[in-house]
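Undergrad: Structure in structure tokens, see below.
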Amino acid sequence: MGPRRRSRKPEAPRRRSPSPTPTPGPSRRGPSLGASSHQHSRRRQGWLKEIRKLQKSTHLLIRKLPFSRLAREICVKFTRGVDFNWQAQALLALQEAAEAFLVHLFEDAYLLTLHAGRVTLFPKDVQLARRIRGLEEGLG
């Protein structure tokens, strides 16, 4: 058996001398406030990076084959079943125009979102943007 511990008599609590520079110890409550905000900003930077990357790019965002099928389907619908042959350059020009229209529409709708004091884009913002644009701007 090891040495026995002596029982101590109750004493007055000892006073600790104040240390000149407190050293931060490990926290038992979880990560500190700074660490959680760092993780939050790192998570937020992911979608911000994606937005900035897409804003800098000039490539088409809608895939060519699904857009081509949609354009042909709409053409067949409005020509009463007559199927036209499409040149690749014609489909590409149509896709460029469609994407430019959508980008401009969403830019206007997001400005309306900010004007309303929100961050989330709602369908009513897109509807109001189309209504403000009128027939000349492609309301249709």
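Keep in mind that glycine also has a Cβ here, set from the backbone N, Cα and C atoms.
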Undergrad: For the candidates Ser7, Ser41, I need the one that Swiss-Prot annotates as phosphoserine.
TA: Ser7
Undergrad: Labelled phosphoserine in Swiss-Prot - which residue from Ser36, Ser68 would that be?
TA: Ser68
Undergrad: I'm checking region-level scores; what's the whole-number mean pLDDT for the region 'Important for flexibility of DNA ends that protrude from nucleosomes' (39-54)?
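TA: Across the residues of the region 'Important for flexibility of DNA ends that protrude from nucleosomes' (39-54) the model's pLDDT averages 75 on the 0 to 100 scale.
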Undergrad: Write out how many residues of the region 'CATD' (75-116) are helix, how many strand and how many coil, based on DSSP.
TA: 32 helix, 0 strand, 10 coil
Undergrad: Which ones in the same chain are close to Ser68 (phosphoserine), with CB under 8 Å and 6+ residues apart in sequence?
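TA: Listed in sequence order, they are Trp86, Leu91.
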